[in-house]
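Everything below concerns the one structure shown next.
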Amino acid sequence: MQTTYCEIELDKNKRDAFVYAIKNHYWYQMYIDDLPIWGIVGEADENGEDHYLWTYKKLEIGFNGNRIVDVNLTSEGKVRLIPNTKIAMSYSVKWKKSDVKFEDRFDKYLDPSFFQHRIHWFSIFNSFMMVIFLVGLVSMILMRTLRKDYARYSKEEEMDDMDRDLGDEYGWKQVHGDVFRPSSHPLIFSSLIGSGCQIFSVSLIVIIVAMVEDLYTERGSMLSTAIFVYAATSPVNGYFGGSLYAKQGGRRWIKQMFIGAFMIPAMVCGTAFFINFIAIYYHASRAIPFGTMVAVCCICFFVILPLNLVGTILGRNLSGQPNFPCRVNAVPRPIPEKKWFMEPAVIVCLGGILPFGSIFIEMYFIFTSFWAYKIYYVYGFMMLVLVILCIVTVCVTIVCTYFLLNAEDYRWQWTSFLSAASTAVYVYMYSFYYYFFKTKMYGLFQTSFYFGYMAVFSTALGIMCGAVGYMGTSAFVRKIYTNVKID
């Protein structure tokens with residue numbers, strides 16, 4: 001039956017807070033057995049002078065067997081807000097039998113008209129056509145150009161020394177003695193590649209699990225799954241990071257392992273702790289409990305680090321030998337001057353535009369589900385977009401690297417990584433647009449919460465794209481130099 005659960009002493013400050021909430025159409029969210037319930041705080045009269053608070057919450061809970069399958073909230077008891085009065089808040093609960101199956105209880109919260117909208121299908125089709133176009137373009141340009149290059153280089157080998165000296169030597173073959181030179185800052189570079197490979201494997205596994213298990217039906221299950229999978233895939237980070245560092249002649253492998261293991265967790269935990277202090281200051285329910293922080297730190301030290309060590313040892317021993325198709329010259333070749341658009345900085349800035357274009361629409365749906373209380377459930381779309389993103393990133397990075405090598409600039413490792421990773425910069429720039437034009441957030445807490453976690457998301461996306469771009473480009477570079485006859 002209707003029961004009073006508290007009384008509010010309505011002083012001027014509390015009345016002003018309620019009036020502000022009613023004017024701005026505030027609503028609140030609660031959960032019963034993981035089912036969300038939304039309610040409005042109050043309403044104003046037609047003139048907008050008097051403001052009323054809903055004081056009576058009427059809960060109607062549907063059950064099927066011994067399971068809750070449906071929850072509805074009705075707000076009643078309209079009371080005018082007058083300073084220095086007492087307002088009694090009450091609620092009642094009515095239970096009723098329901099025919100809704102337990103596994104279907106989330107269906108009414110899903111919004112097919114939003115997520116399976118025509119523009120969503122159009123964006124996927126558009127991205128898919130971009131993939132076909134890019135793959136065709138890369139294949140055509142590279143096959144035609146490389147065939148000409150191979151023919152020219154074979155012809156040059158038949159010339160005598162005098163003719164070759166008088167000939168016009170240029171192109172990617174000229175840097176064969178430097179193209180497999182270790183990258184600058186190999187320790188940081190190999191740690192980033194290892195972390196990127198791990199983030200890619202986590203994304204792939206979590207999306208597959210979400211497609212199979214319907215993770216959206218349980219609060220926090222997506223985050224718990226991501227943390228578990230991240231910890232379990234730590235050997236991937238160690239293997240790729242450790243083997244690359246060994247190939248590049250790195251000797252401080254323990255330091256590389258520590259940096260690779262703690263790079264992403266330190267970034268995520270550092271941002272979360274900073275936001276947490278602000279949340280505690282505002283007494284927000286978003287504050288992370290101290291016990292959870294300790295548990296995450298324990299996972300880092302007692303699960304992620306040992307597994308990373310295992311992966312690093314395996315990587316160094318199984319694939320850590322530098323088996324390059326070309327010998328590396330003792331003295332680095334000078335890099336000739338080139339046109340401004342061939343500079344690595346320009347290539348890096350332009351490299352992320354097409355990959356961002358392929359995921360642009362999906363970013364809107366992901367942002368809306370994360371920041372606007374839509375439940376994201378179309379993980380098949382997300383898997384398709386991830387595959388498209390990887391293909392577009394690899395194609396664009398290969399083209400960028402080919403142009404760079406043709407300009408006789410052998411600094412392709414960092415250029416390939418950063419040109420692919422620059423996608424994240426465009427995603428973060430888009431998050432600014434989304435914040436100011438699509439959300440109604442304001443204040444220190446909401447702003448720091450939004451931009452802090454968007455920075456973490458964008459950085460992780462950038463590291464993943466960078467690693468995917470580098471791995472694809474590395475296979476391409478190895479392939480073209482394997483097929484060239486070099487004295």
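Cβ coordinates come from backbone N, Cα and C, glycine included.
Bear in mind that TrEMBL entries carry predicted annotations, made automatically and left uncurated.
Look at TrEMBL and you will find 119-142, 187-211, 223-246, 258-282, 288-310, 345-367, 379-405, 417-437, 449-471 tagged as transmembrane segment.
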For this session: Run the contact check on the transmembrane segment (187-211) against the transmembrane segment (288-310): 3 or more C-beta pairs under 8 Å, excluding pairs closer than 6 in sequence.
Result: no
Seminar exercise, completed: Near the transmembrane segment (417-437) in space but 6 or more residues beyond its ends, with Cβ under 8 Å, are 189, 192-193, 344, 347-353, 355-356, 359-360, 363-364, 367, 371, 389, 393, 396-397, 400, 447, 450-451, 454-455, 457-459, 461-463, 465-470
Exercise. Which one, 288-310, 345-367, 449-471, has the most C-beta pairs under 8 Å toward the transmembrane segment (379-405)?
Worked result: 345-367
Exercise. By Cβ distance under 8 Å, which residues at least 6 away from the ends of the transmembrane segment (449-471) in the same chain are close to it?
Worked result: 192-197, 199-200, 203, 240, 264, 267-268, 271, 274-275, 278-279, 286, 351-352, 355, 371, 389-390, 393-394, 396-397, 413, 416-425, 427-428, 431, 435, 439, 441
Exercise. Is the transmembrane segment (223-246) close to the transmembrane segment (288-310), in the sense of at least 3 CB pairs under 8 angstroms with a sequence gap of 6 or more?
Worked result: yes
